[in-house]
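A.B. asks: Here's a structure for you.
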Amino acid sequence: MPLDLPSPTDFAVPAFVFFVLVEMIYGWKTGRAKFEGKDAFTSLIMGLGSTVSGAITVSITFFVSYWVWENFALFNWGHAAWVFVVAFVLDDLAYYWIHRCGHRSRWMWAAHVIHHSSQHYNLTTALRQTWTSQLTPGALFRWPIFILGIEPGIVFFCAGLNLIYQFWIHTEAIDRMPRWFEAVMNTPSHHRVHHANNPKYLDANYAGVFIIWDKLFGSFVPEDRDEPCRYGLVRDLGTFNPLRVAFHEWWGIVTDMWQAKGLRNKLMFLVAPPGWTPDGSRKTSDMIKAEWRERQASTNSGSIDSPPKGAPQAAE
Amino acid sequence: MDLGLTLGSLVAIIVLALLTAKLFPNTGRLDADRVARNIVRYAPEAQVADVMVDATGNVALAALDAPADCFGLARLLGDRVVCRLLTSADIRKVYKDHARITLVLNDFTQPEITLTMPAATLAQATKLLDGFANREEATHAA
């Protein structure tokens, strides 16, 4: 009999609404948080749609997860409080790798890109969630936890708590947390870097709750006060239409695969990093970072002129 | 899924979005400097030669000295700017009349862009776009 635990995010919804309102009024009064009406509407609708799509597929997810646990679990961990703590940490580790692959493989990026598609960074951005994560192999990353023997219900409960934790870090209203906290936990500062499209910040800080995973696996980049974050995608979306936002990358994958010559190229358009093309006509994040490093080196050595003074640093 | 929670969320979303629009009104418009800065931000290799902003201040075209064979498109989306460097392959169709140019693009998130322009700017923009159409034709002819 599966463990019957509540869904933490359902209980958190009123708090989400309350804190969005608080940040909005704070931003209006102080200018330290920026909002835009249509952008906020799209983010919130994407959040609602994500809840609906999750509800439609939750039975399949539970069925498959319990099948793995019942048939392949190596140990029986039971339901003690310490199991929840271990599950929370392991789920956060799994989240780190889901998230990292979500940026490094176009198949998973097609679902995750939605969360990065706003040029704003506020608490509504936290709720701009995908409708299509079920179409990616992301769920496989939690199978090792089930095989270790932790019941899926506990893992999904912890994943809900993880998602709630990540809500408050989507803000410009908080500058830095105490040093000890910044060292161990994911914070608004660390996560601003993750959402920035400045070349320096691309593909960094994948953590959910514990930033130590990024430090451990070499993907940590601290926020630099001299390099203000610009938010959004390297190729921003030209729409607020939720349907186009939800499916634009899937459409891109399908058309690229359709037009690609040869099975290898078709597959690469699915699994290679976003921006990959056979002829290099588009740019991956690695290419963008390499070009940026070259420009930095040339600027520092004086072989080219400094960037134009008018070039925007912050979003505009 | 709780229907009450879903409907309640929908009401909250509408209220929050209306409140946001009221508290953070959009008053910004594009101008030549803003367009040039954002094109360079989007594509650091770009060298902007000329900017043509449409009458609404929401869309602009940019003639480029580099890179070759493309031009810049900047569009105000909310209070932020969305940029593209377009080649002839990105343009499906161009419709023109006495006051407007409509670009039909191979872009899922902005398939159609309309620029309303005074006669002088329209002539400039037409010349820029014709240049790309001619180049494409020349390529085909070769």
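Note: Cβ is positioned from N, Cα and C throughout, glycine not excepted.
The structure displayed is predicted, hence computed values, not measured ones.
Copied straight from TrEMBL:
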COMPBIAS  A:280-296  compositional bias 'Basic and acidic residues'
DOMAIN    A:84-219  domain 'Fatty acid hydroxylase'
REGION    A:279-316  region 'Disordered'
TRANSMEM  A:12-28  transmembrane segment
TRANSMEM  A:40-68  transmembrane segment
TRANSMEM  A:80-98  transmembrane segment
TRANSMEM  A:145-168  transmembrane segment
A.B. asks: Taking helix as H, G and I and strand as E and B in DSSP, count the residues of the compositional bias 'Basic and acidic residues' (A:280-296) in helix, strand and coil.
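C.D. replies: Tallied per class, the compositional bias 'Basic and acidic residues' (A:280-296) gives 12 helix, 0 strand, 5 coil.
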A.B. asks: Grab the same-chain neighbours of the transmembrane segment (A:12-28) for me: Cβ-Cβ under 8 Å, and only residues 6 or more beyond its ends, written as numbers and ranges.
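C.D. replies: Residues 34-35, 122-124, 126-127, 164, 167-168, 171, 173.
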A.B. asks: On the 0 to 100 scale, where does the mean pLDDT of the domain 'Fatty acid hydroxylase' (A:84-219) fall?
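C.D. replies: Looking only at the domain 'Fatty acid hydroxylase' (A:84-219), pLDDT averages out to 98.
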A.B. asks: Taking DSSP states H, G and I as helix and E and B as strand, how many residues of the domain 'Fatty acid hydroxylase' (A:84-219) are helix, strand and coil?
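C.D. replies: Summed by class, the stretch gives 91 helix, 3 strand, 42 coil.
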